[in-house]
């Protein structure tokens, strides 16, 4: 199964919340954030909020304790461990930040399962406050994508990953937000897109599913994510075994393999109301 790379979004995909909002809500800074949000981009605003947390006496330990309480579906951890055990390479591509992601993954005992994390860089400075910076420094130049926020184009990250992969590796991409649409457009016909149903990326895909070259399999919660992901890995494994033995696996067999999951979009679907 060395031929599969599973790429996870983080917020509302691995964990069941937005990590930025979770930290600010739990520490009582929601009102200030909402007040400032119309005045500046999200990523620089999060850096400003970390400075504000520090100024009001909130410590790195306070942030870490909040992150450890981030909600997560009980089947997500087993799903990640199972995918890794089957030989898949696992990565995270997220518009959160490295400190939040690594803190949560380490708390869950999952950090070692991921070969790479692409997210907004962050570090604790000499004053013991968290600093958050953009993945793409848009103050110097634009990444040029009008689908993505100025600080991070996940599509460009996917293109870099695709260029680095050796051999005919298949990508399974899981995400929920509008920022996951651009990378979905970069996937090829041999790849798989797993959008979270009734979330922004699902709505965007539903407007014209044919724009996505990859096969599309939706999921609704952690239980279904686990089921669909492992069935996809199993299906790809059967196809690879077939290619190696020059035997043909019938369409019926494939459909049976995916029977418990959602099928790919056969036609354009209406946007859910």
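Positions of Cβ are set from backbone N, Cα and C atoms, glycine also.
Taken verbatim from TrEMBL:
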type     : residues   : note
ACT_SITE : 9          : active site, nucleophile
BINDING  : 9, 11, 176 : Mg(2+) binding site
ACT_SITE : 11         : active site, proton donor
BINDING  : 20, 95     : substrate binding site
Pairwise Cα distance for the residue listed as 'active site, nucleophile'/residue 20 (substrate binding site) [Å, integer]: 14
Cβ neighbours of residue 95 (substrate binding site) where a neighbour is any other Cβ within 10 Å: 25
Number of other Cβ atoms within 10 Å of the Cβ of residue 176 (Mg(2+) binding site) across all protein chains: 22
Cβ-Cβ distance under 8 Å to residue 11 (Mg(2+) binding site), same chain, at least six residues away: 17, 18, 19, 20, 94, 95, 96, 176, 177
Mg(2+) site shell beyond 9, 11, 176, criterion: Cβ within 8 Å of Cβ centroid: 10, 12, 13, 14, 94, 175, 177, 180, 196, 199
Neighbour-count leader, CB within 10 A, recorded positions: 9, 20: 9
